[in-house]
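Trainee: Per Swiss-Prot, the features are:
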- T42: active site, charge relay system (ACT_SITE)
- H45: active site, charge relay system (ACT_SITE)
- C40, H65, E66: Zn(2+) 1 binding site (BINDING)
- C95, C98, C101, C109: Zn(2+) 2 binding site (BINDING)
- I177, D197, R202, L264, G265, I266, I288, Y289: NAD(+) binding site (BINDING)
Amino acid sequence: MKIKALSKLKPEQGIWMTEVDKPEVGHNDILIKIKKTAICGTDVHIYNWDEWSQKTIPVPMVVGHEYVGEVVAIGQEVRGFEIGDRVSGEGHITCGHCRNCRGGRTHLCRNTIGVGVNREGAFAEYLVIPAFNAFKIPDEISDDLASIFDPFGNAVHTALSFDLVGEDVLITGAGPIGIMAAAVAKHVGARHVVITDVNEYRLELARKMGVTRAVNVAEEKLEDVMAELGMTEGFDVGLEMSGNPAAFNSMLTTMNHGGRIALLGIPPSDMGIDWNQVIFKGLVIKGIYGREMFETWYKMASLIQSGLDLSPIITHHYKIDDFQEGFDVMRSGMSGKVILDWE
């Protein structure tokens, strides 16, 4: 049987609607009928066919890894899932036999394979993934929110890396993940949550999500904002979401001594920084990749159930046949999360 899917068909700019074979369910897998998918920054890189994509993405391949759907078939070894369960899923498929997997640090598996990056993805009518990777969505969480659990998980993993209660938090990069991380920081009890960017559309989104200050660094100095907030000693926690060298260096300069930084943004490989800031301030820097399995997922559900409102971050909806409009608006930078409806 053939199904509709969005695929990277050619090694050039673009993504194409295609027909592919319906995937087969293995012993340990579940088959998910996709309801909604969201477009990730990674999908935009794949669309643009940038240097990273050219090195990483096999062609042809079905793309996408942010989704929600319904379980419609179950492999014979699978326990804990039933037909009709509403699920999203962890996009990092791990090996299960390396030291980190066996030691319970699954998110640090050295043999990780990415759904829609190294193997067939979720932008299709059906997706097969290992049942281990699926996560049941509580009834009170909407399909829209469930479809963005993957990037929300990046935000939660980064934000909750360090204690935030009563702390002053700087977030560099107001993309959707940065904005969600800011909302989490505020929700769990940070004092001042300041986010920086140069994209006024996204800074306005951050304001809607309740940050203390959203700062356009092209127009005002971070140091002036800190003075205005009565901050005399610098930020306690930094969440770097942009991969922008100037943003990271500005973070290092404005951190308090003993400050802690979680790094999710991917900088150019040869980024230079002022190491004196790190050493003489005694800063701690932690690299973040993916989500903790599955601690981050349970935290995500609990945060929403405890009143965290992410709805402003979802700005655009399109039917799947209009996917091109969705990619165009994502590439323009004038959007939050963009959702594609498969039903």
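Just so you know, glycine gets a Cβ as well, placed from its N, Cα and C.
Worth saying up front: this structure is predicted, and the values here are computed from it rather than measured.
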Trainee: Going by C-alpha positions, which of the binding-site residues (C40, C95, C101, C109) is nearest Y289 (NAD(+) binding site)?
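Mentor: Comparing Cα positions, the closest of these binding-site residues turns out to be C109.
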Trainee: Restricting to the chain of C98 (Zn(2+) 2 binding site) and a gap of 6 or more, list residues whose Cβ falls under 8 Å of its Cβ, or answer none.
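Mentor: Non-local contacts for C98 (Zn(2+) 2 binding site): C109, R110, N111.
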Trainee: For the recorded Zn(2+) 2 site formed by C95, C98, C101, C109, name the remaining residues of the chain with Cβ within 8 Å of the site's Cβ center, in chain order.
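Mentor: For the Zn(2+) 2 site, the extra neighbours are T94, G96, H97, R99, N100, R102, T106, R110, N111, T112.
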Trainee: Can you tell me the CA-to-CA distance separating I266 (NAD(+) binding site) and C40 (Zn(2+) 1 binding site), as a whole number of Å?
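Mentor: It is 15 Å, counting Cα to Cα.
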Trainee: What's the CA-CA gap between C40 (Zn(2+) 1 binding site) and I177 (NAD(+) binding site) in angstrom, rounded?
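Mentor: Rounded to a whole number, the Cα-Cα distance is 10 Å.
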Trainee: If I take the alpha carbons of I288 (NAD(+) binding site) and T42 (active site, charge relay system), what is the distance between them in whole Å?
Mentor: 16
Trainee: Once the DSSP letters are reduced so that anything not helix or strand counts as coil, what is R202 (NAD(+) binding site)?
Mentor: helix
Trainee: State the Cα to Cα distance, in Å, between D197 (NAD(+) binding site) and C101 (Zn(2+) 2 binding site), rounded to an integer.
Mentor: 36
Trainee: Given the binding-site residues C109, I266, which one is most crowded in terms of C-beta atoms within 10 angstroms?
Mentor: C109
Trainee: Report, as a single number, how many Cβ atoms besides its own are within 10 Å of the Cβ of E66 (Zn(2+) 1 binding site).
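Mentor: Within a 10 Å radius of the Cβ of E66 (Zn(2+) 1 binding site) lie 30 other Cβ atoms.
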Trainee: Of these recorded positions, H45, H65, R202, which scores lowest on Cβ atoms within 10 Å?
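Mentor: Lowest Cβ count within 10 Å among the recorded positions (H45, H65, R202) is H45.
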Trainee: Give the sequence-ordered set of same-chain residues, not counting C40, H65, E66, with Cβ within 8 Å of the centre of the Cβ atoms defining the Zn(2+) 1 site.
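Mentor: Once C40, H65, E66 are set aside, the remaining close residues are T37, A38, I39, T42, D43, G64, Y67, G91, G116, G121, A122, D150, P151.
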Trainee: Distance check, please: Cα of L264 (NAD(+) binding site) against Cα of T42 (active site, charge relay system), rounded to an integer number of angstrom.
Mentor: 13
Trainee: Taking the binding-site residues one at a time (I177, Y289), which has its Cβ surrounded by the most other Cβ atoms within 10 Å?
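Mentor: It comes out as I177.
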